[in-house]
Ligand SMILES: Cc1ncc(COP(=O)(O)O)c(C=O)c1O
């Protein structure tokens, strides 16, 4: 049996099932490489987050970090579940506009938002711009004056705590390209600038301490630090924050090596830490916002590939190559991310060997999985990589001029195309002929 059966469903035909659909039927209909999302898994995770806030009696927003995976259908699904989104570019914002996403549920992040992007945010009266630096405050001031407009803002701060998968670092994150530093007084200076501008309404503060975090402690410490900061601002200048936004970063299971708590348990710990400190400081309880990306999109996604060639290097290892790779999922090549895979046409078949799963791109580094136990495979088999829904398609490229895969959503056995497969014509549609002599 291949390595991790706990994450998958197998149907009566003995095939991998995703959202009630047979993975092989999806492959027949849409070809490979194919990205498939289990819609119910996305909905369920949003509900789990929402329930934590409701159980704790706290005002909240679950704001999906759309950098994990964005397209029109995804935004429409997120909106159906009453979740917010955060965007980090004009392109993500444009997609949300085209999706009909309620603009008052959009937060805009980024450490170098352009004038055009800020204007777009102001013109569409998005929910909040999360200010990242002094240059941005200047730009936004000018834009608001020119347009005689008003906008909600928050300050992104670096609380001096960074978290890595299993550790946190109390002195970390000060040296970051994002946000205003708390220690040196930058954040207080930014607060004064914002409060002095009647065109900006200061909603509160934001911090994001890292990604794929397994350790609750760093989140609790950062959340407490944010409340301490708001407590100081309340005491010193009477500023009362409406919102504290603790970012995302809740770790998920990619392989058997990962054993995180459920994503909502992080949020429960954060909310309790915030309530405790707010009580101790006797200050008004702000709404708590979170920005999960990976934990909403990641486990819901599957990348389906067709097995092609094979190379056996005697005494060393075997390479099994699939018809995708770093163009549809660059994470293994970029930062040695690990994944698990199953044979979609027979996930329960006994393991026969451990192979290296290679992509088809012209790079030696295009290896999707370094060591994957698998049953015997043959060309034409379908391999499913698990938990690929976050930062996979979102980082896809046309390297080697390979078209990007199609993306399909599945729920209750019904499927729909969410993003079409790119064609060769799509690949050249921005190209211009050579005209210089
Ligand atoms: C500001 C901010 N919020 C939220 C996220 C989402 O993090 P994750 O996908 O790990 O939940 C990120 C990821 O980089 C981020 O930078």
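Glycine too: its Cβ is placed from the backbone N, Cα and C atoms.
Annotation comment: TrEMBL describes 41-297 as domain 'Orn/DAP/Arg decarboxylase 2 N-terminal'.
In this structure, residue 67 (N6-(pyridoxal phosphate)lysine) is part of a helix by DSSP. Just so you know, the Cβ of residue 67 (N6-(pyridoxal phosphate)lysine) picks up 22 other Cβ atoms within 10 Å once every protein chain is counted. The N6-(pyridoxal phosphate)lysine annotation in TrEMBL covers 67.
Annotated pyridoxal 5'-phosphate binding site per TrEMBL: 249, 291, 292, 293, 294, 391, in sequence order. A sphere of 10 angstroms centred on the C-beta of residue 292 (pyridoxal 5'-phosphate binding site) encloses 27 other C-beta atoms.
The feature substrate binding site is assigned by TrEMBL to 294, 331, 335, 363, 391. Classification of residue 294 (pyridoxal 5'-phosphate binding site) by DSSP places it within a helix.
Residues or ranges marked as active site, proton donor in TrEMBL: 362. According to DSSP, residue 362 (active site, proton donor) sits in a coil region rather than a helix or strand. For residue 362 (active site, proton donor), the same-chain residues 6+ apart in sequence whose C-beta sits under 8 angstroms from its C-beta are 400.
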* So what's the average pLDDT for the domain 'Orn/DAP/Arg decarboxylase 2 N-terminal' (41-297)? -> 96
* Asked: Which residues, in sequence order, are found in the same chain with Cβ within 8 Å of the centroid defined by the Cβ atoms of 249, 291, 292, 293, 294, 391 at the pyridoxal 5'-phosphate site, excluding those residues themselves?
  -> 65, 67, 68, 211, 248, 250, 295, 296, 297, 298, 390
* To do: Spatially speaking, which of the recorded positions 67, 331, 335, 363 is closest to residue 249 (pyridoxal 5'-phosphate binding site)? Use C-alpha to C-alpha, please.
  => 67
* **recorded positions whose CB lies under 6 angstroms from ligand 1, from 331, 335, 362, 363, 391** => none
